[in-house]
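Accompanying notes for the structure given below.
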Amino acid sequence: MDVSALLTSAGINIAICVVLVSLYSILRKQPANYCVYFGRLLSDGRVKRHDPRWYERFAPSPSWLVKAWETTEEEMLAAAGLDAVVFIRMVICSIRIFSIVAVVCLAFVLPVNYYGQKMEHKEVHLESLGVFTIENLNPRSRWLWVHCLSLYIISSAACALLYFEYKNIAKKRLAHISGSASKPSHFTVLIRAIPQSPDQSYSETVSKYFTNYYAPSYVSHLMVYRDGFIHRLMNETERMCQAIKHVSPDLSCNPSLKSCVLCGPAATNSFQIISNETDSVKGLELGELTLTTTEEERPVAFVFFKSRYDALVVSEVLQTPNPMLWVADLAPEPHDVHWRNLRIPYRQLWMRRIATLVGAIAFMFVFLFPVTFVQGLTQLPTLSKNFPFLKDLLNRRFMEQVITGYLPSVILVLFFYTVPPLMMYFSTLEGCVSRSQRKKSACLKILYFTIWNVFFVNILSGSVIRQFTVLNSVRDVPAQLAKLVPAQAGFFMTYCFTSGWAGLACEIMQPVGLIWNLIAKVIVKNKEESYETLRFPYHTEIPRLLLFGLLGFTNSVIAPLILPFLLIYFFFAYLIYKNQIINVYITKYESGGQYWPVFHNTTIFSLILSQVIALGFFGLKLSTVASGFTIPLILLTLLFSEYCRQRFAPIFQKYPAEILIAMDRADEMTGKMEEIHNNLKVAYSQIPTCSEESSKAGCTSPCSDQELPESEELKPEKENLKADYIWEFQRSKSGLDLEVKSCPSASPIRNSPGFAEIYKRT
């Protein structure tokens, strides 16, 4: 690939970015698009819906960039949680590292590469990209010490910055743990694989076991239930609430007593109120909804303890000689629980993990075909030879530049859109009990998949197409990588343009949300100001960020021309991701900063890989001195990685007992312990409640948009309006009236006998 093809790809992607960002700055001002671009602020009730003056609405403006730049870390922590802050720190750390790398390599390495051989250079746009790589140096060149010294500077700077960032994030995680004093998960242990007894129920078994072995610290427990009918019923909840919204857009606290359009012949926007509360409850019990006949206990329970330290001890020790029974782990946060996976038998989990691993590996091999096809497009001589009918088209200069410089990366990016949904599905099949754990698992799968296919498969398939020598032994790996990476430098740059620059522009435009909103407003004629709240896609954005870090390190001394393009991506990502976090995405659950070890370990891997590739190139160029100095650098980097693993990694894996005991003592002194104990069962109830927290997450009264548990929920215990609507709607099918409560605060508490019986047993 020559420089002109690279510039063609850059020009096309820059034009796409400018158009999309300009459109975003206009579309975000349109009131009809507030639900797309201000979802988080709308869910918090902090956006005033007003129409700007007409000339302001249709003029692009950079005000959103200024707002994103001025947003402080403390504001992000308060609004979006620790995970969002950790992600932005990843971007900032990447900017700092590659600013140093770019200065060193562009000032010293790039001129040495360009003038490495005595040759007559063409005009810059006609030059081949090979003259900017280390391949342009002669064997035994005395200038290879520049590359070795630059490698030392890059490695030292990267390790120093990673150490201080790891230390800073570890402090933030400890502050996050100590600052979340009222979290019910600190007092709760998730017990799975409860043994079945023919003489007693699971609930009685749990009560007997913990009363016997943990009597001083045991408080109570809550069983997990399964019911296919309730599961189907709650699957209809969102759909029915939307129907109620459309029939009655204004459900105020003073509904009229006219008949409902769903229940009577008269078309009106109100519902009739049932006056006899006792008859309503009696009607429910006479139907097929009786919990005592439909609910089934699962061998899973949330067990509550008197202190955080007691729960920590129970979760860390082995309960019985058989490790497949009474499996104890600290429970995830209530909003983080993945209810559907709690019904999976514990003995199946290891088989599911093996099956998903086999499926992911099989998909990696299937993905070899599109990657090889993409590499074929980058090789014009091979393409012309295999497809003679394209020879006339490929002889045109512009088409040659588009096909070799732009088209391969676009095709690969399009194929990669199939990866995140499939990896998320694999992570769900694994049986993760929390949504944050599932997203982290999907993040790791996508990361491995991306690095393998974008980096290793691309260079290997390119070598096969060029008929290079394939690896014969492990000892040839550094030399072969050193030979293949410079040949793929052009493709990596164009991939940075397409997946990086254009990908960020698409992220800020939110095309899927925009199209869906357009369909809802124009085609469906939905006048309701409804909106879907989104979670930040850490599982897709972190692998992309780390992939570009890998490309930056591996090409730093080999082909440093990629570095300014990567820096532009990181700066662009800093502004766009901050804007999306403070305006679009909400935080309903988080991992407590557990993505940082993923970033740290992958960055260390990228750094060591770049050193191994440099070692191979020094061997190819017959520079024994540079090779000798590179080996100690690899060993020192490995030692640094092990030190960080011993010093910081345990903080992200376990809770410090010292902090938990201090929190317990503080709560006992202030008298908060009893209040916390009273709220534990309510927090982990399978019935979704429209609380203040859920309203922040997009729940609107009376029919909320909060994310429902995907498992089998129980009959509503208290003021769960969403479930009440559906239960009453079932009765309305048989000719009864539909009840709508006037106001959440004025609603009477409803407890069915069946549900009360279950709570007695637990």
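Just so you know, glycine gets a Cβ as well, placed from its N, Cα and C.
Pulled from TrEMBL, these are the features on record:
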type	residues	note
DOMAIN	5-165	domain 'CSC1/OSCA1-like N-terminal transmembrane'
TRANSMEM	6-27	transmembrane segment
TRANSMEM	97-116	transmembrane segment
TRANSMEM	143-164	transmembrane segment
DOMAIN	186-341	domain 'CSC1/OSCA1-like cytosolic'
DOMAIN	352-618	domain 'CSC1/OSCA1-like 7TM region'
TRANSMEM	354-377	transmembrane segment
TRANSMEM	403-426	transmembrane segment
TRANSMEM	446-465	transmembrane segment
TRANSMEM	557-577	transmembrane segment
TRANSMEM	598-619	transmembrane segment
TRANSMEM	625-644	transmembrane segment
Other parts of the chain folded back onto the transmembrane segment (557-577), taken as Cβ under 8 Å at six or more residues beyond its ends:
10, 65, 68-69, 87-88, 91-92, 94-95, 98-99, 101-102, 105-106, 109-110, 113, 129, 132-134, 147, 150-151, 154, 482, 485-486, 489, 492-493, 496-497, 500-501, 504, 507-508, 541, 545, 548, 551, 610, 613-614, 617
Between the stretches 97-116, 354-377, 403-426, 446-465, 625-644, which wins on the count of C-beta pairs under 8 angstroms to the transmembrane segment (598-619)?
625-644
Which one of these stretches, 97-116, 143-164, 403-426, 446-465, 625-644, has the most C-beta pairs shorter than 8 Å to the transmembrane segment (354-377)?
446-465
Cβ under 8 Å to the transmembrane segment (625-644), counting only same-chain residues 6 or more beyond its ends: which ones?
144-145, 147-148, 151-152, 155, 159, 162-163, 166, 600-601, 604, 607-608, 611-612, 614-615, 618-619
Other than its close neighbours in sequence, what residues sit by the transmembrane segment (403-426), given a CB gap under 8 Å and a spacing of at least six beyond its ends?
1, 5-6, 8-9, 12-13, 356, 359-360, 363, 367, 370-371, 373-375, 377-378, 380, 383, 394, 438-439, 442, 445-446, 449-450, 454, 490-491, 494-495, 497-499, 503, 537, 539-540
